[in-house]
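Novice: Handing you this structure, nothing more for now.
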Amino acid sequence: MTVSLHGLAVARGVAIGRAVLVVSSRVDVAHYFIQASEVEAEIGRLRTARDAVAQELQRLQASVAQMKREDAPHELAALLEVHQMLLQDDALTEGVKHWISERLYNAEWALTTQLEIVARQFDEMEDDYLRERKADLEQVVERLLRQMKGTAAVLAPPPPPRRARTDSDEGEAGEGDFDVPLVLVAHDLSPADMLQFKKSVFAGFVTDVGGKTSHTAIVARSMDIPAVVGARSASQLVRQDDWIIIDGEAGVVIVDPSPIILAEYGFKQRQGELERERLWRLRHKPAVTLDGEAVELLANIEMPEDSTAAVKAGAVGVGLFRSEFLFMGREARSLTRLPDEDEQYEAYRRAVEGMRGMPVTIRTIDIGADKPLDGKASKQEYLNPALGLRAIRWSLSEPAMFLVQLRAILRAAAHGPVHLLIPMLAHAREIRQTLALIEHAREELRAQGVPQGEVKLGAMIEIPAAAMMLRVFLKHFDFLSIGTNDLIQYTLAIDRADEAVSHLYDPCHPAVLRLVADTIAECRRQGKGVSVCGEMAGDVQFTRLLLGLGLRSFSMHPSQILAVKQEVLRADTGKLAPWAQQVLDSDEPSELLGH
Ligand code: PEP
Ligand code: MG
C-alpha cells in the first residue's frame, strides 16, 4: 500500500530506489560497505562472535545448574536455553549472511538490519509468549555486537558499494556498477555517519529527525542527492528493500508507490536532470551581474577531496573548509587518536593544492553541539549542547590541540593562499587568546625552521553578540564570514537540529536580516572582506536579497554554485539595493521575498 510521509526538504531532486534501513541499536554500530573480496572474512567475524556467545551462554547455563534452587529460578535456565536457540536460529544467521554477501554491509550493520526484520515478525505474532521473545532476540544480538566490538578491521575509507545484487545475478559486479538505486532510511545519522556514506553511492536519504540546517542535512546537501529530514516515523514505516520515492524539493517520501505515481516522479526526475545539464553550461561563465558587479562564488567543503567538486563547479576558492570533519567518527572506526599535526597538514595541503592557486579558507575545529567528536554523544550528556563547549570555546579549552591545528594550517599555507577562519567568537577576550595562540604557533614554527605561509585572518559572525560588536572584530581581523546557520539559531533561540521547532527557524526574521545587513554594511564601509557561508548563501531564494544588501562573496556547497550563479547573472544590483532596504524595513520580510 502506498504511504506518503512529510518531512523537511533538504536537498533538491527526486530519488527513486530501494530502501536501505540503518537501524539504531543500543550498542554503537559502525555502518560501512566492505569489498566483495572481504565477504568471507566478514562472515567469519560473525561466526567467531556467535561461537564466543554460545560458549558464554554455556558457561552461564553451567553456573546456573550449580546454583541453589532459590538463587537460580527455573526461569533463568529456560531463558538461557531460549537465547541459545535464538543464537543458532537460521532466520537470524542466514539473513545476516544475506546482507553481508548481497549488499556488502559490514557484519554489525547486517546484524542490526536482520534484527529489525525478525523483530517485526515477532511484533506481528498473535501469541503473547512468542511476541515477548523479541526482547530476548535483542539481547542476543547485543551480546553478538559486543563480541564483535574491537574485531572490526581498521577501516580504510569505505569503497563505494557495488551494485545491489539480485538473486539471479552471477559473479561479481564491477565497482560503481549499479542497477538498483539505493536510498538510505534512518532514524538519525550523525555527521560522522554521513561522512562514511558520502563515499558510498546512495541515490537519496531520509531521516526521522533533524532540522534543515543540522550538520547531517548539511553533509547530505554536499552529497548532492535528494534528501528529506524530520520525516518522523519513516524508519518505522519503511521496510528493508521497500521501493521509495524521495522528493527532496517538497520534503515528501512515498513508500511503495503505485505505477502511476512512479511514472509521474520518473518524469519529474528527468526534468531535474535536464535542468542540471542546462546549468552545467554556466560553469565557465564569470559570475557578473547585469550591471557589471563581479560576485565571488566559493565552495564549502568537508574533506580535502571535495576540492575536486569545487573546481568542477567553477568555484573561485573555498570559503569554508569545515575542518572538524577530519576529526569526527574516528572512534567508530576503531581509531581513538585525533589526527596529529602531520596528518592535518597533509589534509590541508591536499585541499590547497586541489584548489590550484585559488584561496582556501580553513575554519578551525568546530566540534560540539550536533557534531560530537565520536559521533554518538547524546544530548542528555550536556544540558544545552548548542550553548556549550563548542567551536573556539572547545579549542581554547584544549590549547595544546589547538596549537597543533594552527601549526598544521600555517604549514599548509606555504603551498598556496590560505585564510584562517575562527568559529563562534563572541568575547574580546576570546579574540585576544586566539590571536595569541596563532602568534605562538607562528613563533614555534619559525624557531624550528619549519616553512609556513602568510594567512589572512577571519572570524565567523554566528552569535548576535558578535554581530553587535563588529568594531572589535574588525580591529583584529582581515575579513568576516557570516555563519547564518548559527546566527539564526542563536538570534531566535531555535535549536537548528530540532525538527520540533523547525517551523520557527526563520532566515527571514527581521532581526536576523538586520544583523546580516549590518555586518555586510560595516565591512564594506571599512573596506574589509565579508562573505556569507551559511546555508542561506546557497539558497537561490536569498541570492537577490543578499546582493541587494551589498554582499559580493557567497560560499556554499559546490552543488549549489551553478544555480546561484544563474541568479547572479540575471540580477541588477542597482535595482536590488532599494528593494533590499524595503525588505529590511518590513515587519514581514518573507511576504516581500515571496516565500
Ligand atoms: C554557520 O553556522 O552558518 C556555519 C557556516 O557553520 P556550521 O554550519 O558549520 O555551524
Ligand atoms: Mg556555525
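Every residue gets a Cβ built from N, Cα and C, even glycine.
No curator has checked TrEMBL annotations; they are predicted automatically.
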Novice: According to TrEMBL, ARG322, ARG363, ASN485, ASP486 bind phosphoenolpyruvate; so which of ARG356, ARG496 is the extra one listed there?
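Specialist: When TrEMBL describes the phosphoenolpyruvate site, the candidate it includes is ARG496.
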Novice: Can you identify, from 151-173, 266-288, the stretch that TrEMBL calls region 'Disordered'?
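Specialist: It is 151-173 that TrEMBL describes as region 'Disordered'.
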Novice: Of ARG363, ASP486, ARG496, which binding-site residues come close to ligand 1, meaning Cβ under 6 Å from one of its atoms?
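Specialist: With ligand 1 as the reference and 6 Å as the Cβ limit, the list reads ASP486.
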Novice: Of the residues named as phosphoenolpyruvate binders, ARG322, ARG363, ASN485, ASP486, ARG496, how far apart in Å are the Cα atoms of the most distant pair?
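Specialist: About 20 Å separates the two most distant Cα atoms.
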Novice: Given the recorded positions HIS215, ARG322, ARG363, ASN485, ARG496, which lie close to CYS533 (active site, proton donor), meaning Cα to Cα within 10 A?
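Specialist: Close recorded positions: ASN485.
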Novice: Using DSSP, how many residues of the domain 'Phosphotransferase system enzyme I N-terminal' (6-133) fall into helix, strand and coil, respectively?
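Specialist: Grouping H, G, I as helix and E, B as strand yields 82 helix, 16 strand, 30 coil.
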Novice: Can you go through the binding-site residues ARG322, ARG363, ASN485, ASP486 and pick out those with a C-beta less than 6 angstroms from ligand 2?
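Specialist: Only ASN485, ASP486 meet the Cβ criterion.
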Novice: If you draw a 10 Å sphere on the Cβ of ASN485 (phosphoenolpyruvate binding site), how many other Cβ atoms land inside?
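Specialist: The answer is 23.
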Novice: Starting from the Cα of GLU462 (Mg(2+) binding site), work out which of the recorded positions (HIS215, ASN485, ASP486) are within 10 Å.
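Specialist: Among HIS215, ASN485, ASP486, the ones whose Cα sits within 10 Å of that of GLU462 (Mg(2+) binding site) are ASN485, ASP486.
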Novice: State the Cα to Cα distance, in Å, between HIS215 (active site, tele-phosphohistidine intermediate) and ASN485 (phosphoenolpyruvate binding site), rounded to an integer.
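Specialist: So the alpha carbons of HIS215 (active site, tele-phosphohistidine intermediate) and ASN485 (phosphoenolpyruvate binding site) sit roughly 10 Å from each other.
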